[in-house]
Amino acid sequence: MGEKPDKYEILQDLMRRRGFAWGSFEIYGGSRGFYDYGPLGATIKRKIEQKIREAFQREGFFELETPDITPEKVFIASGHVEKFVDPLVECRKCGARFRADHIIEEALGMDVEGLSAEELTKLIREHDIRCPECGGELSDVWYFNLMFETKIGPYGDQKGYLRPETAQGIFVNFKRLNAFARNKLPFGVFQIGKAYRNEISPRQGMLRLREFTQAEAEIFFNPSETEHPHFDEVKNEKLRLYPIEHQLKNLGEIELTAEEAVKKGYIMNTFFAYYMVMVKRVLLDIGIPEDKIRFRQQLPEERAHYSRDTWDAEVHSERFGWVECVGIANRGDYDLSRHMRESGADLTVLIHYDEPKIVKRLEVSLNLKRVGPKLRKDAKRINELIKSWNEEKKRELVEILGKEGKITIEGYELEKDDFIIREVEEKITGEKIVPHVLEPSFGIDRPFYLLLENSLVIEEDRTYLKLKKDMAPIEVAVLPLVAKEPLKSIAYEIFRKLQKAGFIVVYDEKDTIGRRYLRYDEIGTPYCVTIDNQTPEDSTVTIRDRDTREQVRVSIEELPSKLRELIFGE
């Protein structure tokens, strides 16, 4: 028996040679972490984006488009300036830099997710981990912010960043989007666009890029209403889950229906489970095989700074193992609360009650006669600040005064008697809440690569992409049996007819018919239409199936409708 062919190398060659994708800036030696999509790759990428767009639109979500460049203050508010970092280490001999956690994991075979820079440095020293390039000594570990920094405007006085996610453009527009949704929760907003992360050492081809495409939806909902109204439609869908407890105990995956997963407490509620099913169905619709999809729950130390719980939809790769393609995160009220605090904007939603309620609330203000001499010109400002506090903060103040008898506000030490505190009853017809957010976040580039890998079929006499038919970059190839009249003219006329009918179609008369069939099989074209010597006699052609290689004869008149049925199921 011969050696098993290296599927990865075969696919890389096919992608470069046939116009799917290749490393950027080739004539200048390339730059890691950047990829160009060729004519066929760009078409498949667009089709993936469209599948996701249609799925979001079926849920009634609105589409938005916002700038890639964002002022620094947005990312200060979102926490990215402080927390969007990776641990970095440098070789003291050759100057090469690496992800510290990756180097340690490769050297020791252990998971170091969540360890501090000091703990990572200690592991490097204890195990004498050296530079993988030259064997030199490694520096201490420090943190490196992954955002690309830029200057906005000609004076360079306004710092900005290329966005590391599309989500923040949605959050900062919440006030307008809420008005557009007529103040009615839940509602979803999505954006498809570029994101940028200055990865320390991008590897694994298209799986870790510095510039990539995302399709993110932010679903705003009332945290007290977490039952999805349409959950019954998806409750019997099976999900392959790898929850936290199974990872910690090495128990492997489990398969449950969405309903069972919620009842057993693996998925927090039906709202979350509904969108996990939606994500699975999108991956299937793209053409990812069901047995290559699973959902892995992120461990607490893995989760992003904004996440309360995250499940990753992962797709299996023969070369790279399980690869995260979609993250489904409960972001809570993190983003809207942070932007409210930093911007001063009101990003709440008024929830109306069915019946008015009587509620008790605290009124807290300063005793201005008593504190006036102490606070002087600041008295009025601090009094207004305290009165603007929410109920939770006012009750916190009362609790501190009860325990300690004093509190410091804006640098002034104030005693219990400096305040006027009353509990009052009030009839209210609704309340303002900060909505919570559930976020399904699709990468586009990873599903693109994994779709090709999982579609690649290697046979003795041919290698071809067994793409889902409606995902093929070229849907139909029109081929005259030989490049002679009248076959050429008839074939070209059919080609133009199919173009006008909306198919992605090519005309090709070069090489033998057998070579042409293999050429279009290789790139995933599901059907070749052949114009042969019978065509001038009875106006029929053959349709050849890529997967079975079988051919059927149909009339030229019925050809568009037959192809539409075969490719799109219409």
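In case you wondered, yes, glycine gets a Cβ from its N, Cα and C as well.
In the three-state DSSP scheme, Gln214 (substrate binding site) is classed as strand. Cβ-based neighbour count (10 Å, all protein chains) for Gln214 (substrate binding site) stands at 21. Residues or ranges marked as substrate binding site in Swiss-Prot (evidence: sequence analysis): Arg99, Glu165, Phe212, Thr213, Gln214, Ala215, Glu216, Glu439, Pro440, Ser441, Phe442, Gly443.
Here Swiss-Prot flags 197-199, 207-212, 324-325, 443-446 as ATP binding site. Using a 10 Å Cβ-Cβ cutoff, Glu199 (ATP binding site) registers 17 neighbours.
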Any idea what DSSP makes of Pro440 (substrate binding site), helix, strand or coil? strand
Binding-site residues Phe212, Gln214, Phe442 vs Cys325 (ATP binding site), shortest C-alpha separation belongs to Phe442
Using a 10 Å radius on the Cβ of Glu216 (substrate binding site), the other Cβ atoms enclosed count 25
Using DSSP and collapsing to three states, where does Arg446 (ATP binding site) fall: helix, strand or coil? helix
Among the binding-site residues Arg99, Phe212, Glu216, Pro440, whose Cα is within 10 A of the Cα of Arg446 (ATP binding site)? Phe212
Within 10 Å of each Cβ, count the other Cβ atoms, then let me know which of the binding-site residues Phe212, Phe442 comes out lowest. Phe212
Among the binding-site residues Arg99, Arg446, the one whose Cβ has the most other Cβ atoms within 10 Å is Arg446
Can you count the other CB atoms that lie within 10 A of the CB of Arg208 (ATP binding site)? 18
